[in-house]
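Chemist: As listed in Swiss-Prot for this protein:
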BINDING   Met132, Cys186  S-adenosyl-L-methionine binding site
Amino acid sequence: MRAFVLRARSAPTDSQLFLASVGQEPHTEILAHTLMNTIFVAQSHRNDVVVYLVLESTHDFSRTICFDTRNICHIGGFHEQALLTKIAKALDISRGMTKEQTRVVDEGITVSTISFEKLVQDLAVDYQLFMMDKKGTSIREQEFVGNPCFLLTDHIPMPKKSFNTLKRLGAQKISLGPKMLFASQCVVLIHNELDINQ
């Protein structure tokens with residue numbers, strides 16, 4: 001099983017603000033692009049992937065939306081608008097939730113009020129954690145054992161204090177090459193390497 005976590009530090013947890021932020025400073029379209037490239041293949045979707053979108057621009061708690069492809073039946077289409085609508089629906093369903101609650105959005109999709117840090121702590125139990133770093137081990141030289149989990153960010157870099165927490169949890173740095181890439185591009189390269197080596 002492959003897991004991907006996209007930490008969207010500027011993405012609003014209010015559904016209307018989220019939708020209004022497409023193409024604006026928060027760049028919420030990044031979530032749809034990354035989700036699209038993580039889940040879908042031509043004429044179908046992968047059935048061995050879990051994607052966590054962590055939206056952090058909030059007045060109360062971060063929202064973590066989980067897409068588990070083993071259980072997803074219908075997501076509304078392969079296009080950006082369908083994915084943005086699904087994320088907005090999850091945010092609407094999350095209204096009024098208290099800390100560390102989870103609600104079902106649709107088959108294979110849940111929304112939780114857990115932070116990025118708590119999510120990664122939980123994932124570290126079952127997954128081998130990787131964070132992107134130009135100075136890390138090349139993905140082509142990295143050995144993947146068990147279930148890999150890849151930690152990505154939107155256009156706002158990961159805070160330095162998060163790196164220390166991730167290191168303590170055993171996260172390893174991997175490189176996809178010398179260029180800084182969009183999260184949506186990273187997932188394509190990661191999938192390709194793992195597919196080739198399966």
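Numbering starts at 1 and runs along the chain as displayed.
Cβ coordinates come from backbone N, Cα and C, glycine included.
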Chemist: Going by a 10 angstroms cut-off between Cβ atoms, which of the binding-site residues Met132, Cys186 has the sparsest surroundings?
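Modeler: Output over binding-site residues Met132, Cys186: least Cβ neighbours within 10 Å is Met132.
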Chemist: In which DSSP state, out of helix, strand and coil, do we find Cys186 (S-adenosyl-L-methionine binding site)?
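Modeler: SS state of Cys186 (S-adenosyl-L-methionine binding site) = helix.
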